[in-house]
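Down below is the structure, laid out as structure tokens.
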Amino acid sequence: MASPRLETFCCPNRDASTEFVITFQPLFFGAICIGSATLSLIFSILQILPKRRGERRLGQYPLPKPATSSRILFIISICDILGCAGIIVRSSIWLGLPNLVRGINVANNSDMWPEVFCVGSAMWIQLFFSASFWWTFCYAVDVFLVVRRSAGISTIILYHMITWGLAVLLCVECVAMLYYTSISSCENGLQHAIPHYITTYAPLMLVLIVNPTLFARTVSAVTALLKGRQGIYTKNERRLGTEIKIRFFKIMLVFFICWLPNIINESLLFYLEMQTDIKASDLKNIRNTALITWFIMGILNPMSGFLNTLAFHGWTGFDVDCSLQRRRELAWDSASTSAANNPIVGSTLLYQSHAQEAKNMTGKNIKGNGQPASDAISVLSEGSLYRIQTFHNMHPVCNKAFN
């Protein structure tokens, strides 16, 4: 799981609330984390591996180049996988070497290796899950810019600078604030811990607050484009708009389910920290709720990787394509097998950079009734290439742009 409490636990003079949750059934909690992270890692890798497609689709339609948004989704999955790997290693060491965990105490200041492993594994987990949060935010920004025709493949470099730069900066900053001046003598007090927790949860809160607004504005912009081309809003346009809304809703639903328990748990633990005696009888319900949300975090935080791939691509199946040649062709065609079998209702996603490619091929922007042409909306078509061809048939302007 990903929580700043794991870094606070590395302090020999940790606070009472951190000691309370970390030391409650540690073996059972570690086993839960290992099981959840292992399942998420295996199924996440399975989801992003290339799958076999029907020969008709490969021979009939050329595969497009991956767009910025498709690369962002792939990077989010990689960050989640690396975060799960860190959870597995950390929990396995805690279960297999209990003496190492017991070595993190004030009396045993001569041996630094338990603290070093504790801090290193905590930083690894925080870095990649924090990067996943930043990339999720960049995805919402990118899909909004694509609809506004302000994004292209080149923006991926800017996203890399923003996400990895901020993730590394905040991770190093919060660790430096927590462990200054020595890893064996962490500062006590809420005044020292609050900045550490704020920097940890800043990207998480950004996604929870800003992404729904960006997704809502993107959907509104798509609806305006669909209506503005010919001044009509047919069943096909309505279906496409509904699928886009569902796609964004699933992404945010997974994020809220997997990470909202962290906010609740942290609020409860902060409240306990402010009490003179956290074991007081009138705080029993708060303690129980904190423990419940703590174990929920141990299950849902690692599972966010697999659940994200389901929200992004749907279930892609077990039919992995091991052919190197076809893997190069299909690496970025992340549609689900169900979408290939039923392409008309295939999932939609901001995937392909058709708007930018169309501009490069035609040398001009195609417009209708003063609005950006339908090729901008075709960026929203993900799934089977038959789906894209069907969308082109519905919007003749797109055929001009892509031919």
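The backbone N, Cα and C atoms fix where each Cβ goes, glycine too.
Curation does not apply to TrEMBL; its annotations are automatic.
Under the heading domain 'G-protein coupled receptors family 2 profile 2', TrEMBL lists 26-316.
The annotation transmembrane segment is assigned in TrEMBL to 27-49 (among others). For the transmembrane segment (27-49), the residues of the chain that approach it from at least six positions outside its boundaries are 1, 74, 77, 80-81, 84-85, 87-88, 91-92, 94-95, 294-295, 298-310, 313, 315-316, 318, 320-321, 334, judged by C-beta separation under 8 angstroms.
Feature annotation from TrEMBL assigns transmembrane segment to 70-89 (among others). Beyond its flanks by at least six residues, the transmembrane segment (70-89) meets 1-2, 33-34, 37-38, 40-41, 44-45, 47-48, 121, 124-125, 128-129, 131-132, 135-136, 138-139, 142, 156, 159, 301-302, 304-305, 308-309, 312-313, 332, 334, 349, 351-352, 382 of its own chain at Cβ-Cβ distances under 8 Å.
Residues or ranges marked as transmembrane segment by TrEMBL: 123-145 (among others).
Feature annotation from TrEMBL assigns transmembrane segment to 157-181 (among others).
Annotated transmembrane segment per TrEMBL: 201-226 (among others), in sequence order.
Cβ atoms under 8 Å from those of the transmembrane segment (247-272) belong to residues 2-5, 16-18, 20-21, 136, 190, 197, 201, 204-205, 207-208, 211-212, 215, 218-219, 278, 283, 286-287, 289-290, 293-294, 296-297, 300-301, 303-304, 307-308, 310-312, 347-349 of the same chain, restricted to positions at least 6 beyond its ends. The transmembrane segment annotation in TrEMBL covers 247-272 (among others).
Residues or ranges marked as transmembrane segment in TrEMBL: 292-318 (among others). Beyond its flanks by at least six residues, the transmembrane segment (292-318) meets 1-3, 21, 24, 29, 32-33, 36-37, 39-41, 43-44, 46-48, 51, 73, 76-77, 80-81, 83-84, 87, 129, 132, 247, 250-251, 253-255, 257-259, 261-262, 264-265, 268, 334-339, 347, 349 of its own chain at Cβ-Cβ distances under 8 Å.
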| request: Let me know the model's mean pLDDT on the domain 'G-protein coupled receptors family 2 profile 2' (26-316). | output: 84
